[in-house]
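Chemist: Quick one: this structure, given as structure tokens, is what I'll be asking you about.
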Amino acid sequence: AALNPWDVMLCVSGTAIACENALVVAIICYSPALRTPMFVLVGSLATADLLAGLGLILNFVFQYVIRSETVSLLTVGFLVASFAASVSSLLAITVDRYLSLYNALTYYSERTVLCIHTMLAGAWGVSLCLGLLPVLGWNCLHDHAACSVVRPLTKSNVTLLSASFFLVFLIMLHLYIEICKIVCRHAHQIALQQHFLTASHYVATKKGVSTLAIILGTFGASWLPFAIYCVVGDPDYPSVYTYATLLPATYNSMINPIIYAYRNQEIQRSMWVLFCGCFQAKVSFRSRSPSDV
């Protein structure tokens, strides 16, 4: 079959995603200082995005090299599980940020570690189940009338996935609003203690709120068009509509390492150590709260 330019762009996007996130996973695994719960969550996100990138590459290879319905179904299930794990990890990071501010005094405890591991186990477990649904029979290989805009997933399947995404997005929106309230409240308390709100406090508060808006805005702008189209779209529509909404969704996995990993000072230092063993950081690693990431 002739190469579809959209498939090529998805494969290129998958390659970039895999390379970016493989570096993050290598850095976190290589550096003992990055074993805190906060970086475990970042590592989970990078692992999910790495798998999603590899899934896009495999989907391209099996579509044009090994044409098989069974292999295609396995690839689609792999992609669903990977992207679901990515979105779930983003939710876990948001919950962790909220807890680090709401329960600041008790955050650094064994209970927090247990909570993080429980969240990750639940996130990956649910994602795996969502990925297995089409493989175990919830597909339209033998009933084309039930197909959705994403073949071979059924309409009911993509509706479930879209509803899950909308729920995650609303929870993240609520938590980030609460985080903004806590940040503004802390700034106000500092102002009362010092009798005025200094310019540095105002700038820090504004920067923190702007960062949260960018994070949530990027996530929504990447996934909302595809999630909405999966619900309102019809399989008879031109496939270009599916590609045009799916491609931006993959960009979220490309942007995640920049937002959650490469901006962090500890990961930047670890990157230097990874690529240049002779480099010795003059400033020792310090424990940071999730709100700094």
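A Cβ is built for glycine as well, from the same backbone N, Cα and C atoms used for every other residue.
These came from TrEMBL, pasted as-is:
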{"type": "DOMAIN", "residues": "20-260", "note": "domain 'G-protein coupled receptors family 1 profile'"}
{"type": "TRANSMEM", "residues": "6-31", "note": "transmembrane segment"}
{"type": "TRANSMEM", "residues": "38-66", "note": "transmembrane segment"}
{"type": "TRANSMEM", "residues": "72-93", "note": "transmembrane segment"}
{"type": "TRANSMEM", "residues": "114-138", "note": "transmembrane segment"}
{"type": "TRANSMEM", "residues": "158-177", "note": "transmembrane segment"}
{"type": "TRANSMEM", "residues": "209-228", "note": "transmembrane segment"}
{"type": "TRANSMEM", "residues": "240-262", "note": "transmembrane segment"}
Chemist: What mean pLDDT does the predicted model reach across the domain 'G-protein coupled receptors family 1 profile' (20-260)?
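Modeler: The average pLDDT of the model in the domain 'G-protein coupled receptors family 1 profile' (20-260) works out to 85.
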Chemist: Could you check whether the transmembrane segment (72-93) packs against the transmembrane segment (158-177) - three or more CB pairs closer than 8 Å, residues at least 6 apart in sequence?
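Modeler: Counting Cβ pairs under 8 Å (6 or more apart in sequence), the transmembrane segment (72-93) reaches the transmembrane segment (158-177), since there are 3 or more.
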